[in-house]
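Under the heading domain 'Mos1 transposase HTH', TrEMBL lists 8-53.
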Amino acid sequence: MADFREQRAAVKFCFLLGKSGTETLEMLKTAYKDDAMGKTQVFEWFSRFKNGEMSIDDKPRSGRPSTARTHENVEKIREIIKGDRRRTIEEIVELSGVTEALSSISKDEFRQCFEKWNKRVDKCISVRGEYFEGD
């Protein structure tokens, strides 16, 4: 999942300047290209700001917080994938030791995340390492 916090701040800025949702969406597309927030997200944030909610943070969600997504676990999985990009999800789960965390992720979610990561790696390679993506 992409971190859209920076873009939410941009949406809030445009809202405070009196820009429309459509104008804001076009500016985000110009600035962030394929990684820009979608139309629905932009208009949802505009609606929140119109209703007086000025925070750019997500609303709290119910349920247990993820405790397995730590920097250490992410690095373990990254190294496993770097070693052999053809590994199955089951192999990654077994080798990483984070069974519970990865088992709770659907194969489709994992596949989508991996495809996004692969796209970023390809982008970085095509520009000879001059690609940077902020937090």
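Placement of Cβ uses the backbone N, Cα and C atoms for every residue, glycine included.
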Per DSSP, what is the residue tally for the domain 'Mos1 transposase HTH' (8-53) in helix, strand and coil?
-> 36 helix, 0 strand, 10 coil
Across the domain 'Mos1 transposase HTH' (8-53), what is the average pLDDT of the model, as a whole number?
-> 93
